[in-house]
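Visitor: Structure incoming, see below.
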Amino acid sequence: MSHINVEKKLNFVNKLNNVNNRVLKIENLALAYDGKRILDNINMFMERGDIITILGPNGGGKTSLVKAIAGINKNYTGNIVLAENTKISYMPQNFSISNLMPITVEYFLLNSSFKRLKKNQSIITETIELAGIGNILKNQVLEISAGQTQLLLLARCLIAEPDLIILDEPVSAMDINARAKFYDIINKIAKKRLVSILMTSHDLNSALPSSDYIICINNTIYCQGKPDEIMKNRTLNEIFSSYAAK
């Protein structure tokens, strides 16, 4: 379990609120399953409106890290500290709806938040517009494409008005055109709402143009920086050969 001194954490949260609009800081995070170390010595921070991509191979710890940040996995040591009152929305990598649930896109989007949103139609309208799903609201969820499903899940995250959205491999099932559309939408969301977006990927080519910052992990962080810094210091082949060497 995570062992955090409460007084230290509260003091740190107060500092976090006053430094560079920072929403998240991770200190010395480590995590193991069945005695096998999955993550070690993870240190990072995130500011409001940032789009950060955690890049790494399958099995490198990306999903374990974002689940820890989202509060789903608490079996870690170290500190994960969020700015006070930070709201998180999390979109898992694998999400499916039962064939026994024939529901519309509109119902799926609004059901969980209807009571909160019924007096604020502007949030609903803006979310649908930002996610670009206005033309599929009456469709059955089971009938829409993989790319449209991801946009629907993104809209469901967004409608909760979060400060931080965590996306685990959000474009893995999409073709190149759907990926470009998805990344364009998250850039608009980050700018319009000043939402911080943390996503995972194993595809550097897709991640680079859409990220403010890249963190490369394979159980630990071995490179990080702005996209141009990553590319200036390492070629694609060097980056992925270093994954394979670990």
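Cβ from N, Cα, C; glycine included.
Per Swiss-Prot, the features are:
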BINDING   Gly56, Pro57, Asn58, Gly59, Gly60, Gly61, Lys62, Thr63  ATP binding site
DOMAIN    24-243  domain 'ABC transporter'
Visitor: Around the C-beta of Gly60 (ATP binding site), how many further C-beta atoms are within 10 angstroms, looking at every protein chain?
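Guide: Gly60 (ATP binding site): 22 neighbouring Cβ atoms within 10 Å.
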Visitor: According to DSSP, does Lys62 (ATP binding site) sit in a helix, a strand, or coil?
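Guide: Helix, per DSSP.
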Visitor: If you count CB neighbours within 10 Å, which one among the binding-site residues Pro57, Gly59, Gly61 has the smallest count?
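Guide: Sparsest of the binding-site residues Pro57, Gly59, Gly61 by Cβ contacts within 10 Å: Gly59.
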Visitor: Please classify the secondary structure at Gly56 (ATP binding site) using three-state DSSP.
Guide: coil
Visitor: Let's check the environment of Lys62 (ATP binding site): how many other CB atoms sit within 10 Å of its CB?
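Guide: Excluding its own Cβ, Lys62 (ATP binding site) sees 25 Cβ atoms within 10 Å.
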Visitor: From the centroid of the CB atoms of Gly56, Pro57, Asn58, Gly59, Gly60, Gly61, Lys62, Thr63, the recorded ATP site, which same-chain residues not already listed sit within 8 A by their CB, in sequence order?
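Guide: Nearby residues not in the site list: Thr200, His202, Ile217, Asn218.
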Visitor: Hey, which of the binding-site residues Asn58, Thr63 is the loneliest by Cβ count within 10 Å?
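Guide: Counting other Cβ atoms within 10 Å of each of the binding-site residues Asn58, Thr63, the minimum falls on Asn58.
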Visitor: Please work out the mean pLDDT for the residues of the domain 'ABC transporter' (24-243).
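Guide: Mean per-residue confidence for the domain 'ABC transporter' (24-243): 88 out of 100.
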